[in-house]
Structures are given as C-alpha cells and as structure tokens.
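Student: Once you've had a glance at the structure underneath, I'll fire off some questions.
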C-alpha cells in the first residue's frame, strides 16, 4: 500500500505562537474638581410639612378615620339625593325606594294591561 494522504497534509506542522496578552486601554483622564465653598444663607427655621386634609376644606377640623370619612360622605350624598326637585324628582325617589318585589309586580301588571288592550278580530 502506498502513502496515505490526509486532508490536513497541506497545512504546515509548525504551530504559530500567538501572544494572548490582553491589551490594556488607557483610562481617560478624570477631571477632579474641588467642591466649591458652600454659600451660607441666613438660617431659617425648618419648615414643617402639612397634610392635604389640613387645608381647611374639610367640614370637620378633627382627623377622621377612613371609615368615618366614607360614612360622612355617604350621608352627604344621601341628603343631596333626597332633595328631589319638582314632580319628576319625587317620582324618581318613589321608584328608587320601591323594593324589587313591588317593581316586578308593577311590570307584570303593565304587561297584563297591554295584553288586554289587544283586540283580536
């Protein structure tokens, strides 16, 4: 048998030595500034913050818990709702005050009256 040629036969057998030293990039120059002298102002007393509830818009000067505030707001809404102005406002309040059972009975009586009004020839 003859010589066996390999695929890698065309490559040289010498290994190339590569310098694998990491290149160090020069660091940019950092400008260090000295802090400027602090300007002293006339000292004023420290201000205290205020809560939004203390703006004077509330009817109660005392602080209310969230549940109490919700109750007060619901009472105000209820009073305003009851101020039904005019005939239509009163009718609306009557309808709203009806329980569901009465409301369903009214609807059923209206439907019965409509059926009775239909005349068959």
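In case you wondered, yes, glycine gets a Cβ from its N, Cα and C as well.
Pasting the relevant annotations from Swiss-Prot:
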COMPBIAS  11-23  compositional bias 'Basic and acidic residues'
COMPBIAS  73-83  compositional bias 'Basic and acidic residues'
COMPBIAS  90-105  compositional bias 'Basic and acidic residues'
COMPBIAS  112-121  compositional bias 'Basic and acidic residues'
LIPID     2  N-myristoyl glycine
LIPID     8  S-palmitoyl cysteine
REGION    1-121  region 'Disordered'
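Can you tell me where each of these features sits in this structure?
Tutor: Listed by sequence, the residues of this chain that lie at least six past the ends of the compositional bias 'Basic and acidic residues' (73-83) yet keep a Cβ under 8 A from its Cβ atoms are 89, 93.
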Student: List the helix, strand and coil residue totals of the compositional bias 'Basic and acidic residues' (112-121) as derived from DSSP.
Tutor: 6 helix, 0 strand, 4 coil
Student: Count the residues of the compositional bias 'Basic and acidic residues' (90-105) that DSSP assigns to helix (H, G, I), to strand (E, B) and to coil, and report the three numbers in that order.
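Tutor: Within the compositional bias 'Basic and acidic residues' (90-105) the tally stands at 14 helix, 0 strand, 2 coil.
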